[in-house]
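Listed features, source Swiss-Prot:
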type	residues	note
ACT_SITE	Lys16	active site
ACT_SITE	Asp141	active site
BINDING	Pro99, Met100, Gly101, Ala102, Gly103, Leu104, Gly105, Gly106, Gly107, Ser108, Ser109	ATP binding site
Amino acid sequence: MIETTDSLRDCLAPAKLNLFLHITGRRPDGYHTLQTVFQLLDWGDTLHFTRRDDGLITRRTEIADVPPEHDLTVRAATLLKTHTGSPEGVDIEIDKRLPMGAGLGGGSSNAATTLLALNRLWKLNLPRLELQALALKLGADVPFFVFGKNAFAQGVGEALDVVQLPPRHFLVVTPRVHVPTAAIFSEKALTRDSKPLTITDFPAELSCNTEWPESFGRNDMQQVVVGKYAEVAQVLRWFENVAPARMSGSGASVFAAFRSKAEAEAVQAKLPAEWNSAVAASLDQHPLFTFAS
């Protein structure tokens, strides 16, 4: 990251993985309650912010099918400006790397990076908990990225506890299909009654078991997505004799964990050419974690 008085450049908006995802119920308002462990990665979109004196908030990058007014970075900046009454404006540029509709939290992470970066650039000095409350207005995953640590999440994803996870390298494979999260959550076949866990149920498994992630929990959305999207099923089948693999979030991305970058890259080299893939290392905290207290 490069910081000047009027700009913040090369701000990573890290991807996340759901190491498991259990859906434990559905609230009267239609939102689902869940339990998951979020893992940060050192791979994601890169954002650039330049302060404006005229108070305008603009996105300088064209993104197909995402008009600026619907972009979570613009919405996050607008929400923060309205909440604080700040006279400042900003130009936002996005180097897009994460595929959309992939279960990697790309839009949510961009929103959180915007909140954290502007908290610094606009000299707002809002505490982290206040930013997390704003983040929840933008989406269920956004508070996690503002929280900024690998976490056990509950509720709709806003109740967060830090978890210590081992260093890993992940191979993330994304077939060329977009999976709409809302549509999967509305599927009648979706399991909504997983038995709730406590935080003490899983850390030793996640840290020590060499067969992880297959050895602990599951992704309750995976079976539904596999039944609707043959491309996701194909990726999971490919991994069956290679390494334990699991879908992240509502898909379409599938991931496998490895002890070293070399192991992950050796498997990546064997993938079919038509699949997007990346090898990424685990992160312990968000790169902009210190921009809130």
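Each residue, glycine too, has its Cβ placed from N, Cα and C.
Annotated features, which come from Swiss-Prot, shown on the structure.
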residue: Lys16; record: active site; Cβ neighbours (10 Å): 26
residue: Pro99; record: ATP binding site; Cβ neighbours (10 Å): 20
residue: Gly101; record: ATP binding site; Cβ neighbours (10 Å): 18
residue: Gly103; record: ATP binding site; Cβ neighbours (10 Å): 29
residue: Gly105; record: ATP binding site; Cβ neighbours (10 Å): 28
residue: Gly107; record: ATP binding site; Cβ neighbours (10 Å): 24
residue: Ser109; record: ATP binding site; Cβ neighbours (10 Å): 28
residue: Asp141; record: active site; Cβ neighbours (10 Å): 27
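Cα to Cα, Gly105 (ATP binding site) and Lys16 (active site) are separated by 6 Å. Between the alpha carbons (Cα) of Pro99 (ATP binding site) and Lys16 (active site) lies a span of roughly 12 Å. The two recorded residues, Gly107 (ATP binding site) and Lys16 (active site), have Cα atoms 11 Å apart.
Excluding the listed site residues Pro99, Met100, Gly101, Ala102, Gly103, Leu104, Gly105, Gly106, Gly107, Ser108, Ser109, the same chain places Ala15, Leu98, Gly249 with Cβ atoms within 8 Å of the centre of the ATP site Cβ atoms.
The CA atom of Ser109 (ATP binding site) is located 8 Å away from the CA atom of Asp141 (active site). For the pair formed by Gly101 (ATP binding site) and Lys16 (active site), distance between Cα atoms is given as 13 Å, rounded to the nearest Å.
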